Amino acid sequence: MTMSMYSTTDKMKMSAPSCFPGRYSPSYRSSEQMRRCMPNPSGDIFAGINDGILSRAEALAAVDIQKHQAQHVHSQMPSQIKHDVMYHHHSMSGPPQRPLQMHHSMDQLDMLDPTGSMTTLAPISESPLTPTHQHLHGSYHSMNHMMSHHHPGTLSGHTGGHHGHSAVHHPVITAAVAAAGLHPDTDTDPRELEAFAERFKQRRIKLGVTQADVGKALANLKLPGVGALSQSTICRFESLTLSHNNMIALKPILQAWLEEAEAQAKNKRRDPDAPSVLPAGEKKRKRTSIAAPEKRSLEAYFAVQPRPSGEKIAAIAEKLDLKKNVVRVWFCNQRQKQKRIVSSVTPSMTGHGSAGFGY
DNA sequence: ATGCATGAGGC
DNA sequence: CCTCATGCATA
């Protein structure tokens, strides 16, 4: 319990093991700064009461912050203190832009191709390795809301400026958008994404291909800027545990693969598989494990202030006896989690059906 | 399936 | 130091 031995955390990662410096599409992010720059009328009330709240939060965490906690201690519960941007469970919406705009110079050298053959979209189960991983970084930009103040440097006018808040597919808005000449683009429709993810998984399974296989096969598609993806990503795509933008960016790629794979399957073309060359010998990364009690505390802190300052993070880290970096990353991941397409709003719709997404 | 981590890109 | 897309390691 409570052992967080980590190893690579320090910084001994010098030669990016899993990414190619070359191909990277610009990430058009839009403005996270808006959140931070939010003119909090209350300034930084946390600065003052933070300690008290945090302590209390932690105290509560020790007891049971999972539920009825708000009334327990009669204190100022986070429930209503969320002056800060607080997460827009559904306030953000589909930025009506296109997902992939990564046109690089395909410096394709060869990108492996273990099987030696061409598009290996056929079921090639196994082959636990990491041949060539690269990223494709589609286009992402957080679509915030409000503030006419958009970022300067990041170009890509997709941010649309205002409008963006949920509802690209809202009946009325959809009509308005259409009239405006813009199209809701079926690809950005949450329902469509959900439906596709479901279809994708089903057909993938029918083809007898694993998530890992799909990821690796993507590299064989040789689409510009598209390389292999991990099992994790494929899994997350299928389960919708990705951000809306990420889903949109990945959809066309996976769709392309699916079509190719089915086409090949149709031809019954089964070619003598090939030996999977295991590069082998890579260094292992050790994963820190945050114990339950510490995790509970972190959650309590997070409920009060999802974006603690560096100093606060340091304080929390010390209090919980965790590395500062571990705590920082935990918060980052936690924030990212809330933005996942599925895990927000209602857990009942995470499955499929009709949808009512809420992001 | 998911927790913790890395790194590019950006202020 | 953040956000985001992604991945390794692991439960």
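The backbone N, Cα and C atoms fix where each Cβ goes, and this holds for glycine too.
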Subject >> region 'Disordered' range according to TrEMBL, out of A:130-156, A:265-291 >> reply: A:265-291
Original post:
What are the DSSP helix/strand/coil residue counts across the domain 'Homeobox' (A:281-341)?
Top reply: 39 helix, 0 strand, 22 coil
